[in-house]
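Right, one structure below, let's go through it.
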Amino acid sequence: MSLEIAVFPALSDNFGYLVRDTASGRVAAIDAPEEAPILAELNKRGWPLTDIFITHHHPDHTDAIAPLKRHFDCNVIGPRKEAGKIAGLDALVGGGDTVTLGETVFEVIDVPGHTLGHIAFFAPGEKILFSADALFSLGVGRMFEGDAQSMWAGLERLKKLPPETMVYCGHEYTLANARFALSIDPDNKALQARAKQAQDQIDAGKPTIPFNLGEDFAANPFLRADTPEMAHAMDHEDAPAWQIFGAIRKAKDNF
């Protein structure tokens, strides 16, 4: 693999990520939740910080941009649709664009809903996705700004990625997501297996990421909104998938 990925905790339940292109030595932070753990991980590994890739404007993903730019002469890339909400961006991107980290190419994917301009970064050569708060292990982010139809459209873009893709998301929410998922899809064997795996990982002091996208297709109720099982569970047999997705999201909000 031409990428090295460092995973570490930040804030209360964020994941911090540093990604190093081994050919060039360039290093990107995926979002900037908190300065101290990012600096500590860089120092531990002896890495510089050359780039920051921002997925959306929420403070728990952007608060460390300014202090990190003071420490490093780094290039900050972020969502074009949220340019007015994020200070310190040097380049603006949106769905269909590509960004490079040395020799590694990332495709930018629009995944609105959690915020209107939320983007994800997918490295097709490595089959790695940084989904931030658009897609979690066994869940999705709350719809703070978007609507069910647009958020489902974004998830459908992710569903077209290779099933062997490994996903790095924004927060450690897997156990809570599993409890909800089992409440509406209790007979799903793939979900039962994922829930047990996640509990074992947490009990061992390990993160539940990265997770396999294909496994999430089978276990995550939000990604299964286009299945007869979820239509039945939500009592939406004749509804389009985006409405079923919205019903699942509302049920999770009230869980």
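Backbone N, Cα and C atoms are what each Cβ position is placed from, and that goes for glycine too.
What you see is a predicted model, and the numbers here were worked out from it, not measured in a lab.
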Per TrEMBL, Asp60, His61, Asp133 bind Zn(2+) 2; matching candidate in His171, His232: His171
One of His71, His114 listed by TrEMBL as binding Zn(2+) 1 at the site of His56, His58, Asp133: His114
Sparsest-packed among the binding-site residues, when each Cβ's other Cβ atoms within 10 Å are tallied, from Asp60, Asp133: Asp60
Distance [Cα-Cα, Å, rounded] between Asp133 (Zn(2+) 1 binding site) and Asp60 (Zn(2+) 2 binding site): 11
Integer Å distance between the CA atoms belonging to His114 (Zn(2+) 1 binding site) and His61 (Zn(2+) 2 binding site): 13
DSSP three-state assignment (helix, strand or coil) for Asp133 (Zn(2+) 1 binding site): coil
In the chain carrying His58 (Zn(2+) 1 binding site), residues 6 or more apart in sequence that have Cβ under 8 angstroms from it: Thr115, Asp133
Pairwise CA distance, Asp60 (Zn(2+) 2 binding site) versus His114 (Zn(2+) 1 binding site), rounded so that it is a whole Å: 13
